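Contents: one structure, followed by commentary.
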Amino acid sequence: MLKRKIILLILIALGLAGLYLFIHMNLQAMEYLLRTRLEKILAMFLCAVSIGVSTVVFQTITQNRILTPSIMGLDSVYMFIQTIVVFLFGSGTFVILQSDAYFFVTILLMVGFAFGLYQLLFRRGENKLFLLLLVGLVLGTFFSSLSSFMQMIIDPNEFLLIQDSMFASFTDVNTDLLLVSAVIIIALCIYIFRYRHYFDVMSIGRDHAVNLGVPYEKIVKRMFLVIAVLVAVSTALVGPITFLGLLTANLAREFLQTFRHTYLLIAASLLSVIALLGGQLIVERIFSFSTPISVIINFVGGIYFIYLLVKESKKI
Amino acid sequence: MIVAEKLSKFFGSKKVIQDVSVEVKRGAITSFIGPNGAGKSTLLSMVSRLLKQDDGIVYLDGKDVHKQKSKDLAKTIAILRQSNVVQMRLTVRELVSFGRFPYSSGRLTAEDEQKVSEAIAYVNLEELEDKYLNELSGGQKQRAFIAMVLAQDTEYILLDEPLNNLDMKHAVQMMKLLRKLVEDFGKTILLVIHDINFASVYSDRIVAMKDGQIVAEGPTEDIIQSDVLKSIYDLDIDVHNISCNRICVYF
């Protein structure tokens, strides 16, 4: 039954990918169109897998179905870096924003931020995951405020540069970086996948998991770092895309009705792929690029979030 | 054998357990009794490494509990705490299968399946094994969790108020099952129990706690005495011999 549902998701994802690849094909420019579209599909696939996988794991280690890794504040750090670069270097930044070195520096800074939080709160023995998330949330707000402040006082033309990076977009993905990102993301996902049976046990609660011999605290800490790297890479690649994970991780749980992470991880990734491909098709073919994809995703994700809150509050 | 040496635990500045030393003998049922807030559950949690003590050491068969691999411990000692809320949608059989995790790491062998079936049969839940946990009554759920602990097949079994939610028939069945595990399989069972008569009739030894300390300890017949019980509970309790059992009347 579960396998059949997964196969269904794979078929939908493949169908959408095919549609995206061949829609409005111009035979004269076929080679060029196929290449750029394949690159976009690869970017969407990488982003989808890292968001889907990291959100499912994040929800399992926090035992909370309405959280996403964005609560760690990485998005805000990303925006802060973008803003400060434009703020300091002015209109010449376009070159910087597109460079490979910049990509790695943003990843390093985001991961450094997460490591800093980790050192501050985990190293002192006790497991204070929620305190850590709270500090992340507060620092995230702090960085957003700083970014808004700088955005107020810079040249409006330069602000446009920042505005571009506020929303995730697949239209101008740096193709040189795709391969590097692919290696990092796939390696981390394989690493996470090896823990899938532990996650199953962890989802029945900490005490049961410890009783059954799961090194609970150790896994929580390790996964916190792995998730931070995953989110950092995908954010640096395409931009912040918060709600996608919330949407697809929960849809995966609702759709499969299972605790087995083997299926949850795959389904959340596939649903993310479907959401991104579908969203991108709408953006390109219906809105003709006038709306960034993350606006659509956030719109749908927001509605779903409200639905979740209403539904969960009815349970109590 | 479980040996706890000078265990202490603080929650904030409040001392919940203070310098508690206790030895639990193998192949017997030891019941921990005492008023609410005496620290019984906290003690069991520390013995089973769910909670880290602030001071003192717990030895399990001569080795420090916190220095052993969690996975190896899970094959020797199992604990079930009082409140067991699972948010996932799980069937009884899926829950009980978790008990085999220390052996199978998630991939159940035929032998594991066999043990799971046995554990479900022990608590009489065969007919409900494909039902979801949220469809069960409190007592059925409690039995499902106990089956999970039984499937873990450990030498030491720690149960925090296992009779919670059970009706009289199932409470008696449960205690008889625990006795059988001790007598037929040589298991060592530690219980936190509130019904003093269940403690009296079914346990070999009793440890009485009050205000984070042990106030009395010994074979059941030494503890189930009016004067000892009065000092534990501040309540006049008559003890009567009824068909070879010591029964307390305190109503």
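Cβ from N, Cα, C; glycine included.
TrEMBL: automatically predicted annotations, no manual curation.
The transmembrane segment annotation in TrEMBL covers A:7-29 (among others). Tertiary proximity for the transmembrane segment (A:7-29) is limited to same-chain residues at least six positions away from its ends with a CB under 8 Å from its CB atoms, namely 37-38, 40-41, 267, 270-271, 273-274, 277-278, 280-281, 285.
Here TrEMBL flags A:41-61 (among others) as transmembrane segment. Counting only same-chain residues 6+ beyond the ends of the transmembrane segment (A:41-61), those with a CB under 8 A from a CB of the stretch are 17, 20-21, 67-69, 129, 168, 170, 173, 178, 181-182, 185-186, 188-189, 192, 199, 202-203, 219-220, 223-224, 226-227, 230-231, 233-234, 237-238, 241, 244-246, 248-249, 252, 261, 264-265, 268-273, 275-277, 280.
Here TrEMBL flags A:73-96 (among others) as transmembrane segment.
For the transmembrane segment (A:102-122), the residues of the chain that approach it from at least six positions outside its boundaries are 72-74, 77-78, 81-82, 85, 96, 128, 131-132, 135-136, 139, 174, 177, 221, 224-225, 228-229, 231-233, 235-237, judged by C-beta separation under 8 angstroms. Annotation source TrEMBL lists transmembrane segment at A:102-122 (among others).
Within the chain carrying the transmembrane segment (A:129-154), a Cβ under 8 angstroms from the stretch's Cβ atoms is held by residues 61-62, 67, 71-77, 79-80, 82-84, 86-87, 113, 117-118, 120-122, 162, 220, 224, all 6 or more beyond its ends. Feature annotation from TrEMBL assigns transmembrane segment to A:129-154 (among others).
If one looks beyond the transmembrane segment (A:174-193) by at least 6 residues along the same chain, the residues whose Cβ comes under 8 Å of a Cβ in the stretch are 39, 42-43, 46, 49-50, 53, 57, 98, 100, 103, 223, 226, 229-230, 233-234, 237, 265. Residues or ranges marked as transmembrane segment in TrEMBL: A:174-193 (among others).
Packing against the transmembrane segment (A:224-249) from elsewhere in the chain are residues 43, 46-48, 50-59, 61, 65-66, 68-70, 72, 74-75, 78-79, 103, 106-107, 110-111, 114-115, 118, 122, 129, 132, 165-170, 173-174, 177-178, 181, 184-185, 188-189, 191-192, 264, 268-269, 271-272, 275-276, 293-294, 297-298, 300-302, 304-305: each is 6 or more residues past its ends and has a CB under 8 Å from a CB in it. Here TrEMBL flags A:224-249 (among others) as transmembrane segment.
Listed as Cβ neighbours of the transmembrane segment (A:261-279) (distance under 8 Å, sequence separation of 6 or more from its ends, same chain) are residues 2, 5-6, 9-10, 12-13, 16-17, 20, 41, 44-45, 47-49, 51-53, 55-57, 60, 170, 192-193, 196-197, 199-200, 203, 244-245, 247-249, 251-253, 255, 293, 296-297, 300. Per TrEMBL, transmembrane segment is recorded for A:261-279 (among others).
Feature annotation from TrEMBL assigns transmembrane segment to A:286-310 (among others).
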